[in-house]
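As written in TrEMBL, here are the features:
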- Cys96-Cys106: disulfide bond (DISULFID)
- Cys200-Cys210: disulfide bond (DISULFID)
- Cys307-Cys317: disulfide bond (DISULFID)
- 24-125: domain 'SRCR' (DOMAIN)
- 130-231: domain 'SRCR' (DOMAIN)
- 236-338: domain 'SRCR' (DOMAIN)
- 1-18: signal peptide (SIGNAL)
Amino acid sequence: MALLFSLILAICTGPGLLESSSRVRLVGGDHRCEGRVEVQRYGEWGTICDDGWDIKDVAVVCRELDCGVAKRALSGTLFGPPTQQQQKIFIQQVKCHGMEENLSQCEEEDAFDCTHDEDAGVVCGFPENVRLVDGHKCCQGRVEVKQQGQWGTVCKGSWNFAAAKVVCQQVGCGRAILTRKCCNKATQGQGPIWPRKVSCSGKEISLQDCPSEVWEKNNCTHDEDMWVECEDPFDLKLVGGDSPCAGRLEVLHKGEWGTVCDDDWGEMADQVVCRQLGCGASLSPSVKFRRRFGPGVGRIWLDDVACSGNERSLEQCRHRFWGHHNCKHTEDVAVVCAEQ
């Protein structure tokens with residue numbers, strides 16, 4: 001009788017809600033809040049096809065995993081290692097309104113025509129447990145850390161520039177420019193001072209990933225609160241082409257779009273740009289083909305860019321200081337990627 005009831009329930013629900021026992025995880029990202037989406041059914045992990053996959057679906061996944069804001073809906077193929085071909089694809093399409101608490105509350109359709117080249121991926125922000133406060137811009141300010149639901153400041157004696165680099169990345173800004181003791185009375189913190197001494201290398205994804213220990217001899221005052229300044233958030237785009245995956249490369253710095261000079265530019269840099277934009281592989285067109293997108297105008301922001309191909313962002317590649325170059329716009333970089 002129990003088996004009959006289960007069969008009737010499955011037939012009646014059909015393509016409907018994900019089974020309540022499903023679990024979700026993200027695989028292959030640089031941190032736990034990005035990666036290829038996998039759901040668990042009957043003790044086995046499988047993927048979701050990207051048919052109709054959009055930012056509303058991503059928002060639900062980010063919420064379920066206690067990550068930050070939904071940032072991008074991407075192809076899961078951008079996250080390695082590649083999916084094993086024998087791994088199952090459980091879901092063809094998910095239809096979320098964006099306000100659901102977990103993916104099991106969204107409508108879904110069982111997989112029937114999909115390959116792992118179509119796996120769904122997401123990028124979420126981190127939960128907000130570090131912030132910069134009282135700066136003139138969003139990427140500068142007094143460092144505050146959230147612990148047990150309460151925000152507190154960080155003392156100079158427990159801090160270094162490597163920690164500042166981690167904070168700038170964690171709050172979604174560009175590279176760390178400086179860190180120093182603040183503050184005048186107007187910008188001093190209130191309340192607790194974070195009682196941990198951190199030892200960051202600068203390569204961690206979040207401040208919580210840095211080795212730390214309780215600072216037993218903590219005699220700090222708010223006169224020693226730490227201040228960090230970061231570059232503005234980095235962004236890039238391809239312009240002048242027929243799609244967002246082809247065109248002249250432009251990068252955003254200090255609120256202004258500018259081009260990139262092609263000195264030292266190579267295939268590895270192409271790959272980094274294509275991956276960052278959520279496009280397919282670089283098509284490596286000829287120099288003549290690249291010139292069809294024309295020269296840019298205004299600032300030339302980057303020169304002598306050299307990438308290993310493993311970077312998640314073009315900003316992580318070696319390059320000259322921003323705005324330093326010996327180029328003309330006739331040397332502007334153009335990139336052509338396959339469309340997803």
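Using the three backbone atoms N, Cα and C, a Cβ is placed for every residue, glycine included.
On the structure: features taken from TrEMBL.
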| residue | record | Cβ neighbours (10 Å) |
| --- | --- | --- |
| Cys96 | disulfide bond | 22 |
| Cys106 | disulfide bond | 21 |
| Cys200 | disulfide bond | 21 |
| Cys210 | disulfide bond | 19 |
| Cys307 | disulfide bond | 22 |
| Cys317 | disulfide bond | 21 |
I'd like to confirm something. Which of the disulfide-bonded residues, Cys200, Cys210, Cys307, Cys317, has a Cα closest to the Cα of Cys106 (disulfide bond)?
Cys210
Across the domain 'SRCR' (130-231), what are the DSSP residue counts per state (helix, strand, coil)?
19 helix, 37 strand, 46 coil
Out of the disulfide-bonded residues Cys96, Cys200, Cys210, give me the one sitting nearest to Cys317 (disulfide bond) by CA distance.
Cys200
